[in-house]
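Enquirer: Take this structure, written in structure tokens, and hold onto it; I'll ask about it next.
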Amino acid sequence: MASMASFASARRAAAALAATAALAGLTATPAVADDTDPQLASTDCQFGGSVIKGTPWSLQRVITKQLWEDQALMGDDQVVAVIDTGVAANNPQLAGKVLGGQSFAGKGNKATNDGVGHGTKVAGIIVAQPIAGTGFHGLAPHAKILPLQTSTQEEGGNLATMVAAINAAVKAKVDVINISQGTTANPSELTDLQAAVDKAEQAGILIVASAGNNGSSGKESNTYPAALTNSNVLSVAASDRNNERASFSTPNEQVDIAAPGVDMVSTVPVSGQCVDQGTSFSAPYAAGVAALLRQKHPKWSPAQVIWHLEATATRSHPYHDKNIGWGVIDPVTAIKDETEQPRQITDKDLQAAAVTSRGDDEKIIPAKLTLGETPAERNARYGTYLVIGGGLLLGVISAGAMARRDWLRKRGADVL
């Protein structure tokens, strides 16, 4: 079980690129008829931005009355640690939802400040409160966020800050840890990260991590901690409106499940919302549902929660694949279904299913190039930047990113 995180702020697609154009480049299949909502057609992530009135597609498929069990199940008493760029507590939808937290990004920084905006968007998908004037809200609005800041626009994160943040989350006894970050470092360099995840596993803490945004080439790759095989790690890929792998989402055998990651609406610092893309926003979608499950079934282990999410996921075939894992998360079914016992299925069974059932349509296909575009230019269009070495990667694909979030290039970091 695994997921992703990319501390790359260099998401530099042109501001003039419309959301529909971004969608055309990011989805693996044609959009269905209800994809276009003029209220969501914005990729301008300005802090203190405008309020998006429409209901995001990722929430249109969720009947909140059933999900929240007539408001009896909304994430009460659940604390979700968000290991990220900080979480701005000043957005009205996050009022009273953000704890003090801790910064590991250098002296003078506060976890409740977010000059990048990434962590604030991640947190909003989990806990944003429903308010008048917008159809956006989080999936577990009564939960609390513990912000653990590992990077700012000036200070990039690394393995050491991620490890420190995980250890802090364990010490704080949180219920869920969301990590929309990752490293592609060699596993031999991940001893400390493995030890921190082991501690979380022993403490009964669920880690939800994004699987990565390196999928546009069609090649498999592992991003950590998502690709770690601990029983408490849920690796989340990004799905599109057709419940298929978003073309940027990294495929690999450790992907457990998929969640919406295309045209994701969420909160930004100061006020308002904006639209963004990436597995960074798939992970908190799953983390929000996991928080509800942990409230409803407080005695369930992380492994039981993960199995339940997998067992109730929407899928077109009965086996695991490296694109969307066991399927696309179904929040309402996950809450309503009371099944506890896992199915007894062996690796041999999975291999047999793969040989007999998978056809050519299951192959990983590289994202399409536009006319005259090179693979490198395609990656630039998607904002798919990788930090070389032990650096971290933010799981974001964005059109219209703000210039101030281009901090990696300012710092002279190597990006591709």
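Glycine residues also receive a Cβ, built from the backbone N, Cα and C atoms like all the rest.
Sharing the features that TrEMBL gives for it:
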{"type": "SIGNAL", "residues": "1-33", "note": "signal peptide"}
{"type": "DOMAIN", "residues": "75-327", "note": "domain 'Peptidase S8/S53'"}
{"type": "ACT_SITE", "residues": "Asp84", "note": "active site, charge relay system"}
{"type": "ACT_SITE", "residues": "His118", "note": "active site, charge relay system"}
{"type": "ACT_SITE", "residues": "Ser280", "note": "active site, charge relay system"}
{"type": "TRANSMEM", "residues": "382-403", "note": "transmembrane segment"}
Enquirer: Pick from His118, Ser280: which of these active-site residues has the biggest number of other Cβ atoms within 10 Å of its Cβ?
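Expert: Checking each of His118, Ser280, the winner is Ser280.
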Enquirer: Sorted by position, what residues of the same chain at least six away from Asp84 (active site, charge relay system) have a C-beta under 8 A from it?
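Expert: Within the chain, Asp84 (active site, charge relay system) has Cβ neighbours under 8 Å at His118, Gly119, Val122, Ala123, Pro147, Leu148, Gln149, Thr150, Ser151, Asn178, Ser180, Gln181.
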Enquirer: Per DSSP, Asp84 (active site, charge relay system) is which: helix, strand or coil?
Expert: strand
Enquirer: Suppose you look only at the domain 'Peptidase S8/S53' (75-327); what would the mean pLDDT be?
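Expert: When the pLDDT values over the domain 'Peptidase S8/S53' (75-327) are averaged, the result is 96.
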